[in-house]
Every structure is written in structure tokens, then in C-alpha cells.
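First comes the structure, then the notes that go with it.
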Amino acid sequence: MAFLKLIFLIFILHSFMPIPISSTPSLNKEVFAQIRPDFLDFAKKPEIMDWMVGIRRKIHENPELGYEEFETSKLIRAELDLMGIPYKYPVAVTGVVGYIGTGKPPFVALRADMDALALEELVEWEHKSKVPGKMHACGHDAHVAMLLGAAKMLQEHRNDLQGTIVLIFQPAEEGGGGAKKMLDAGALDNVDAIFALHVSTKFPIGVVASRPGPILAATSFFEAVINGKGGHAALPQHTVDPILAASNVIVSLQHLVSREADPLDSQVVSIGKFQGGGAFNVIPDSVTIGGTFRTFSKESFVQLKQRIEEVITKQASVQRCNAKVIFHENSSYPVCFNNKELHEHFRKVAGEMLGVQNVVEAVANMGGEDFAFFSEVIPGLFFFLGMKNETQGPLQSGHSPYYTVNEDVFPYGAALHASLATTYLSESPPKHTSPPEGSFHDEL
């Protein structure tokens, strides 16, 4: 009888004990420690390296401008299909959003831009652009190849992931604000953090650079039409000279930085366009000027924009002219800001992979990047991936018709993408609830 009571007591206790539930295997730190060092070695395998190079060269031969990346997007989707990676398409016209992992929180994103530039390629090589007047002159073809390389590695470990990695293949970085359109389309819904890289001719291969806080400036462009009254240059008293007015405007605009801005708050106003008149002896009716302004804070950006308009209109009126100022809002980017915690995460992961001596502090510069739209709404980290090799000669900087990419950098970019994402998932608790079942993973 006592034995039966003992059996009954054990049964009751067992009924109230928590039962372990296993759905998708999680990436615990022991598993991660085993697979992380393999990312770079895996990416350096000849078959993986050749595959990434082949993808990049196909894209390079067929460059497409912003929101026209239909063939590039088609190639990306074909590769994702072959890997068995589900995705959404189209997102922001030509964008693709892929998913690897559990489909549940936490979510971390990796981004690559896809668009080319309106340049005629002057590099003579086997895979030169086949499209007149279009060229991949900023490395976006390489960015796509490396993110696909990371996707291949991550898909191999999909059952070890504790969360979901979101692959962002973004259109129209070069002035089209593709990141903003992807945000508006919900590409980063439920995403906790996002990483992106950019190949750089400034740093040696195997070296990466970033910094916490602002890394790239808020940027915008403007045009102004200054109207006067034309006439013969020999009789200026019968004219209202818009060239003189425009010249005074340009000089006065430089005072906004030299006399109104805090010297410790970096700002730039540059005029790159001046169009007016077509004859030596004729004062034109109007002049068009255009330029760019850049700052490292939102407050300075708003203030500088306001003052640019005031200076142009009021200086024109001093010279008896009138002016209309147009700001190109679609080409305006916010400050590209790196989250401090993600920067520490980047330093740790990159240092373990490349050596701490090869993770350097980047100097903030006045260039712009529409990744800023992403890092404005969720924590983001943007870094530069060195590809300089002195033995191969100097590399031209981006946006040059002589721009080339050192393809030896591909394993480093792919491995860093994969390692940054997997480490983030293994160390970060979910911040968002799961999306409704079936809300993604299908081509739209």
C-alpha cells in the first residue's frame, strides 16, 4: 500500500513539473562559438568565392539606375530560390526582403544597396558595363554579392538561429531615397537592429572602420532661380543684372558657415551649378544656381536650410532681383548615426575575426548615405570594408568612371555580415512580439 502511495505521489509531482518545449533549435553560445570562426574560412573556399565573384560580374555588366533594378532583383530572387530562402517582392518597386531563421523575434537586418550610377565606364576589362551611360561605380554590385554570400552561410545554419535574420536588398541609394521607401513599405517592421557595409578604397584589405555617433552627414540639394531684367551689356543701367545678384548670393552663403555656425559644429554649403547667359555682350534675364548643404545634426540642418532660403531671396532683392528657392526633398538624407552599443558589438565581432589591430576608428565625413533613414528609426551600424592592396596599384575613389573593386574583399564582407547577425541574435533578447503567422515568407 505504501508503495502504491509512493507511485501516486511521483505521478502527481510529475504532472505539475514544467515540460521542456522545443520548436526551433536555438543558437546557444556553445554552438555559436563553434560556427563563428568558420564563416571566414567558408567564405574563402574557391567555390564560394568564385560564386560571389560571378554574381558581382553579372550585375556589373548590366547596371541599372535607382528603381530600375529589375534584372538585378530578378538575379537576387533566383539565387534566394536556389538556397530555399523565402522573401517578399516587390518592396519599394524593385527591393527584395529575405528571411532566414525561425520567423520569430529577435529580428536583425543586413542591408545591401543595388543601384548603379549614370556614368560611362572607362575601365577596359572583360566584364565592362554593357549599358551605355551606366556603371556600377560605387561598389553596390559587390555589396549584393557579399550579402548573398552571407545568406548562403546563414542558410546552412538556419536551424541553429535563435531568431530571424532579415536580408534587405535595397533600390535607389544614389539619390532616390530607396531606404525611406523600404521603411514606408514595412521592410523593417519588428526589426531590432540593422547592419550595413560599404567597400572603401581608403583602408587595406582585411581592415574595417567605423565609429559611434555620426559617421556621415545629413545632406540636401537646392536650386535657386534669380530673375532680373536682361539687356545689352553696354547699357547696364537699363538692366537688372541677375549675374551680379547671383554672385553676391554665393559669397553671402559662405558666411553662413564662417560667421554663423559654431566652429565645432561641422557644416558645409557648396555651390556647384551656375547657369546664366550665352553671349559676351548680353546680360541675361535670369540665372540658376544650385548646390548642396550638409551638417552633423538635425538642428543645424533645419537652421541652415532656413538661412539658405533667407540669404538667397533677400540678397537677390538687394540687387533689385527676385529669387525662388527649390529644395530637393527626395534627395535629402538625415545624419547617418551609429548606435553606441552596436558599435561595441561590431568592434568585438570584427576584432575576433580580423584582429583588434585591424578594427580602426573612422573619421566622420560630409558624404551622405540613405542608410541614415534606417538608423534614424532603429539602432543601426554602418562600417567601411577596406579593399586597398598596394601591390595591385591604387584604386580610384567612388563615382569615378575608372572605379574598380578588389574582389578579394568578398569573403571578409560576407563573413562579417554573417557573424554580426548571428552574434547579435545569440546575445539579444527579443524586443518585439512575433508577427502574425504567415505575414511574410512569400513572394507578393
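We count from 1, first residue shown onward.
Each Cβ is built from the backbone N, Cα and C atoms, and glycine gets one as well.
According to TrEMBL, the feature Mn(2+) binding site maps to Cys138, His140, Glu174, His198, His399.
Residues of the domain 'Peptidase M20 dimerisation' (223-316) grouped by DSSP class, helix first, strand second and coil last, total 41 helix, 30 strand, 23 coil. The feature domain 'Peptidase M20 dimerisation' is assigned by TrEMBL to 223-316.
Taken from TrEMBL, the feature region 'Disordered' covers 425-444.
Among the features that TrEMBL reports, signal peptide is placed at 1-23.
The local packing around Glu174 (Mn(2+) binding site), expressed as other Cβ atoms within 10 Å of its Cβ over all shown chains, amounts to 20.
The most densely surrounded of the binding-site residues His140, His198, His399 is His140 (count of other Cβ atoms within 10 A of its Cβ). Cys138 (Mn(2+) binding site) has a Cβ environment of 23 other Cβ atoms inside 10 Å.
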